[in-house]
Amino acid sequence: MLIFLSRRLVSSVIALVGVVVVVFFLGRLTGSPAHLYLPQGASQEMADNFNRTHGFNDPLWQQFIRFVGDVAHLDFGTSIWQQRPALTAVTSVFPQTLLLAVVAMTLSIAVAAVLGCLAAARRFGPVDKLITFGSLACASIPDFWFALVGVLFLAVHLGVVPTSGQSDLSSWILPVATLMLAPVGVLTQVVRGAMIEALGSGYVQSARARGLAHRRLVYRHALRNAALPIISVAGDRAAGLVNGAVIVGTVFAWPGIGTVMVDAVLNRDFAVIQAGVFVIGLGIVLLNVLVDLTYAVADPRVRVS
Amino acid sequence: MNMAQELVAGATTAPPVDPGRRGSGRRRRTRLLLRSPLPLTAAIVLVAIMLVSLIAPAFIADAAQRQDLTQRLSPPFQLSDGFAFVLGGDTLGRPMLLQLVVATKTSLLIAALSVGLSALVGSAIGLISGYTGGWVDALIMRLSDIIHTLPSLLLALVILYVLSPSITNLIVVLALTRLPIYMRVARAQALEIRERVFVEASKALGSRPWRIMLRDIRPMVAPTVLTVAMLEVANVILQAAGLSFLGVGLQRPDVDLGIMVASGREYLSEAWFVTFFPGLLVVVIALAANILSNWLRAVDDPGQSALFVSRKSLRDEEVSR
């Protein structure tokens, strides 16, 4: 188990290092990054000055070593727009996004588990067909449009939720629903597939032969064994939640990494983009480790091997 | 020698199903499609949308861009202003209906080109990676991990920030973010196929690696990649619309469905239809594509999808067993 975990950790760290390298070279893709860091309309003089003070005239490898050194000190430069360290600008809002993502993912898994079990229990029946169609529909709705239509109905027409911002509990409804859209669609299908397999397997059949109640059979025996693929896909989907967070940030003016990243793009604040990509990459790597650990908890065989 | 090589190559380029059944498989699919109402509807809707959006813009492109401020945000479902305004007027008084047609064409083109590009490049890289193995494989797979680690929207956002947004860059970025999927699929297949006897035979006959990859392995990987690409169309349409919505995708005066949704945002309470219709069109296109690709998979593997298997046919199958 430890060997497995450490191997996964090593490959994750390699991916993270790769992300840092990619970010560095992306910034230099179009020559000097001065025009990326400086506000639009900056004069040539300013650019030259900037290049000199930040050493962008040095050979690329020297710049790269310096960049790696800075990153090792968690120094991503200063946000031009917010006038504070870029990393602080990102980490100060990251918990907000994390909270939203955890709430959305937990609810998604719960909803998908119920729907998937219902569909699998009456396989190919009308309920199954309805749920499968619904999950396909969920995966076909653009989240930004869903968010806007939600605002139109719930906020503008019914007035039960605020149009934007973070206030009481009702302000969470639309952002969470928007984030849940894609994961619910995918996870329901995964749960259904895993449950059909589990329900058809020997131990469930023998439990049924022993006369166990159907409900107990489905939820205690089959669902537990169907948990692994569900966890794995849920972990994979979690990276996609950042996509949703960007949309939620722009549509609902929801404080979080999404708003910061989009603002950074609109205000040409490259330092914040760098820091943001690093923090999100780190978050996803940590999440993958967490998923592996959950695997071990859910499946004793992983723990032994 | 050369003839023998041709013989071996000819025998081995056959897909998993032998060539004789390939045509009948297509015919079987067509027959099945005509009998299943939901996928048939999806196919008809998709083909209709494609035909209209490919042909019509040639005639209405000018009319779609014409601004008539008296029609600004004019409400839908009124024929008094002519059929072009049946879905209302947009924020600058352009006819929504015609704008939608033009925007659909752009959205479909972007999706088709980027799916094609990533399928082609991704499967080529995956094939080379899987067949060659060794450090090339390890390096390529790490690269795929890196692309996979970053959320696709974020990656696209950053790249489009560095390169300026344009339709070409948008297509390339969309293709890049979806590369790992094809790389993995093609690699997994190539890993398995290269151990088969006919590859051995081809090698023994003196085929060079590129020939084995191109003539022996590629035809066997192609169907799987095609299935994945079908599945990806809907995803890419959604993603492209999302980028345009955020303002980093397509730029005016070009227009796609994502830009149209975004343009109505400020007017949500006065003119819901400016936002509603383009998004609805995205849903219709994506849902039809999803249903079709789901059905295509179900045809090959009937255990997969609930939508296209009736309980009765399942019972028949069990009885006949």
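These residue numbers are counts, starting from 1, taken along the chain as shown.
Placement of Cβ uses the backbone N, Cα and C atoms for every residue, glycine included.
Annotations in TrEMBL come from automatic prediction, not curation.
Database features, via TrEMBL:
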type: DOMAIN; residues: A:94-291; note: domain 'ABC transmembrane type-1'
type: TRANSMEM; residues: A:9-29; note: transmembrane segment
type: TRANSMEM; residues: A:98-121; note: transmembrane segment
type: TRANSMEM; residues: A:133-160; note: transmembrane segment
type: TRANSMEM; residues: A:172-191; note: transmembrane segment
type: TRANSMEM; residues: A:238-257; note: transmembrane segment
type: TRANSMEM; residues: A:277-298; note: transmembrane segment
Open item on the list: How about long-range neighbours of the transmembrane segment (A:172-191): same chain, 6 or more residues beyond its ends, C-beta under 8 Å?
Closed with: 100-101, 103-105, 107-109, 111-113, 115-117, 119-120, 131-132, 134-141, 143, 146-147, 150-151, 154-155, 161, 166, 226, 229-230, 233-234, 237, 240-241, 244-245, 247-248, 251-252, 254
- [ ] Report, as numbers and ranges, which residues of the same chain sit near the transmembrane segment (A:9-29): CB under 8 Å and 6 or more residues beyond its ends.
- [x] 36, 60, 63-64, 67-68, 71, 270, 274, 277-278, 281-282, 285, 288-289
Task: Remote residues contacting the transmembrane segment (A:133-160) - C-beta distance under 8 A, at least 6 residues beyond either end - done: 115, 170, 173-175, 177-179, 181-182, 184-186, 188-189, 243-244, 247-248, 250-252
- [ ] Mind checking which residues of the chain, 6+ beyond the ends of the transmembrane segment (A:98-121), have their Cβ under 8 Å from one of its Cβ atoms?
- [x] 127-128, 131-132, 134-135, 172, 175-176, 179-180, 183-184, 187-192, 194-196, 199, 214, 218-219, 223, 230, 234, 237-238, 241-242, 244-245, 248, 254, 256, 283
